[in-house]
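Asks: Pulled these features from Swiss-Prot for this protein:
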- 7-242: domain 'PABS' (DOMAIN)
- Q36, D111, D143, G144, P170: S-methyl-5'-thioadenosine binding site (BINDING)
- H67, E91: spermidine binding site (BINDING)
- D161: active site, proton acceptor (ACT_SITE)
Amino acid sequence: MAQRLPWRFVAEWTSEGEMVLREVKRIYAAGATRYQEYMIAELAGIGKALVLDGKVQSSILDEHWYHEALVHPILLAHQCPRKVLVIGGGEGATVREVLRHSCVEHVTMVDIDEELVELAKKHLAEWHQGAFSSDKLELVIGDGRRYVENCHRKYDAIILDLVDPMEGGPAARLYTLEFYRAVKGCLRPGGAVVTQATSPTLSPRVYAVIRNTLAKVFTIVRPYVSYVRSYNGLWGFVAASDTVDPAKLSAKEVDELIAARIRGQLRFYDGETHEWMFRLPLPVRQVLSETRDYATDEKPVYVPV
């Protein structure tokens with residue numbers, strides 16, 4: 001049963017000296033797994049949301065602005081992605097979007113936090129919409145980095161739906177040169193990878209470093225953005241491949257591909273939106289052009305807060 005609470009807030013740091021307060025209207029589940037603290041709650045302004053280690057990871061208001069932006073550009077740019085690997089994405093919405101594609105025959109989802117996945121199955125049905133029950137899904141509980149380093153399968157697309165690289169957190173190892181080399185080793189010829197890449201406005205250097213690190217491994221690297229109110233502004237992604245280039249798709253081509261290959265009605269992504277996402281604002285382009293650093297296991301990148 002949902003629990004009604006007196007006055008309470010989620011206080012989320014967005015940058016040094018700046019935070020967002022959201023009133024907690026109702027808590028559905030809260031506690032800690034082996035890997036992270038969690039809360040599934042109704043929050044003022046954004047509705048039902050998943051909060052991990054004090055940061056809003058996803059909300060019912062605009063989760064589709066994130067998940068559709070993460071998944072569809074590289075899958076539509078690929079000729080026909082049959083096998084897809086998802087690292088992270090514990091709430092199931094990324095797999096939900098992958099399974100919309102008629103080409104997809106098999107999805108492997110690797111998440112380290114089994115407790116959180118079970119909580120998502122129970123409390124976040126609006127997100128996964130039954131995706132965990134699909135015959136096409138293989139759910140692997142384990143370390144995403146270890147999985148790709150020991151990968152015996154080849155995938156057409158790899159989607160990295162990760163938490164931010166925080167100092168002391170497990171995800172920083174999933175944004176390094178060594179990790180991206182291992183990811184490339186899991187791709188079939190003509191394959192592509194996409195990663196969430198933090199905020200180009202709140203952590204612009206981190207966004208640029210992630211782009212630069214992927215550029216050390218792949219010949220085609222395309223940074224792009226979406227707007228996610230729950231994340232307090234623009235949110236960044238980077239697609240990478242040696243052959244697949246989503247930025248070359250026109251609005252007309254995207255709309256035709258959606259009609260031909262995607263089941264059901266999308267709520268955020270279409271051809272016009274696709275073109276907008278790859279047209280980065282001038283300040284973001286400036287940071288990308290000025291930043292030379294890249295991340296390694298020895299020198300990882302971290303979000304400021």
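Easy rule for this one: first residue shown is 1, then count along the chain.
Even glycines carry a Cβ here, placed using N, Cα and C.
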Asks: Can you count the other CB atoms that lie within 10 A of the CB of D111 (S-methyl-5'-thioadenosine binding site)?
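Replies: A count of 23.
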Asks: Is D143 (S-methyl-5'-thioadenosine binding site) helix, strand or coil when read with DSSP?
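Replies: The residue in question, D143 (S-methyl-5'-thioadenosine binding site), is coil (DSSP, three-state).
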Asks: With DSSP assignments reduced to helix, strand and coil, which class does D111 (S-methyl-5'-thioadenosine binding site) get?
Replies: strand
Asks: With every protein chain in view, how many other Cβ atoms are within 10 Å of the Cβ of Q36 (S-methyl-5'-thioadenosine binding site)?
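Replies: 19, counting other Cβ atoms within 10 Å of Q36 (S-methyl-5'-thioadenosine binding site).
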Asks: Between D161, P170, which of the recorded positions has the fewest other CB atoms within 10 angstroms in the structure shown?
Replies: P170
Asks: For the S-methyl-5'-thioadenosine binding residues given in the record (Q36, D111, D143, G144, P170), what is the largest pairwise C-alpha separation in angstrom?
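Replies: The span, Cα to Cα at its widest, is 16 Å.
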Asks: Just the number: how many Å between the Cα atoms of G144 (S-methyl-5'-thioadenosine binding site) and E91 (spermidine binding site)?
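Replies: On Cα coordinates alone, these residues lie 16 Å apart.
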